[in-house]
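A.B. asks: This is the feature table in Swiss-Prot:
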DOMAIN    34-192  domain 'SIS'
BINDING   Asn49, Gly50, Gly51, Gln62, Asn91, Asp92, Ser117, Thr118, Ser119, Ser122, Gln172  substrate binding site
BINDING   His58, Gln62, Gln172, His180  Zn(2+) binding site
Amino acid sequence: MLEQIKNNFTESIQTQIAASELLGPSIEHAGMMMVQCLLGGNKIISCGNGGSAGHAQHFCAQLLNKYETERPSLPAISLNSDISTITSIANDYQYDEVFSKQIRALGHNGDVLLAISTSGNSRNVVKAIESAVSRDIPIIALTGFDGGDISGLLGEGDVEIRVPSARTSRIQEVHLVVLHSLCEIIDTTLFPQGDS
């Protein structure tokens, strides 16, 4: 058992090192997309399922409250947060529509969609991206494996941050580091703290 625990840490570290070497430019580009969105008076909309739903909510909480330094609240909406809306849409239509209907109601040109799916194949996230595309909302997709269906939906103005792993747990661990890196880019760009 102890050996397996050690192996988990080793594999996580190796995946994070590989991701840091591969994903830096994409993370930086995504962070600056978010900065421009916020400077334009727009909002970041996030969605995902399971652990990715938790990441989507966590990211929005970091923007609405703070990341590591005191600053004004920033506009962000997690489409996972309103259980009444999610269950209403799932019951009256289908679960595939729980995010796309919200985007059609809440999303506007100038916003950014942060779509999180470890497999890249989550149907409701795919439909969210399709709704965002129809509203000219740029997409930042956090994926893993081969990028799945999501990878094929992204256009020139979108960014895919694909973790180089085929293991969901490792992908989710790197996604959290990516999200914290995005928070740091936003905070240090919008609210520079001097030499710190």
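Here the Cβ of each residue, glycine as well, is placed from N, Cα and C on the backbone.
Model, not experiment: these values are computed from the prediction.
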A.B. asks: CA-CA, which of the binding-site residues His58, Gln62, His180 lies nearest Asn91 (substrate binding site)?
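C.D. replies: Its closest listed neighbour, by Cα, is His58.
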A.B. asks: Provide the three-state secondary structure of His180 (Zn(2+) binding site) computed with DSSP.
C.D. replies: helix
A.B. asks: Is it possible to get the count of other C-beta atoms within 10 angstroms of the C-beta of Gln62 (Zn(2+) binding site)?
C.D. replies: 20
A.B. asks: In sequence order, which residues at least six apart in the same chain have a CB under 8 Å from the CB of Gly51 (substrate binding site)?
C.D. replies: Thr118, Thr168, Gln172
A.B. asks: His58 (Zn(2+) binding site) to Ser117 (substrate binding site): how many Å between their Cα atoms?
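C.D. replies: That comes out at 15 Å between the alpha carbons.
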A.B. asks: Identify which of the binding-site residues Ser117, Gln172 has its Cβ surrounded by the largest number of other Cβ atoms within 10 Å, counting every protein chain shown.
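C.D. replies: Of the binding-site residues Ser117, Gln172, the most buried by Cβ count within 10 Å is Ser117.
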A.B. asks: Which value in Å gives the longest Cα to Cα span across the substrate site residues Asn49, Gly50, Gly51, Gln62, Asn91, Asp92, Ser117, Thr118, Ser119, Ser122, Gln172 as recorded?
C.D. replies: 32
A.B. asks: Where among the binding-site residues Asn49, Asn91, Ser119 do you find the Cβ with the fewest other Cβ atoms within 10 Å?
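C.D. replies: If we count Cβ atoms within 10 Å for the binding-site residues Asn49, Asn91, Ser119, the smallest count is at Asn91.
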A.B. asks: Whole-number Å only: compute the distance from the Cα of Asn49 (substrate binding site) to the Cα of Gln62 (Zn(2+) binding site).
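C.D. replies: Between the alpha carbons of Asn49 (substrate binding site) and Gln62 (Zn(2+) binding site) there are 19 Å.
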A.B. asks: Test of understanding: give the count of other CB atoms lying within 10 angstroms of the CB of His180 (Zn(2+) binding site).
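C.D. replies: So the number of other Cβ atoms within 10 Å of His180 (Zn(2+) binding site) is 15.
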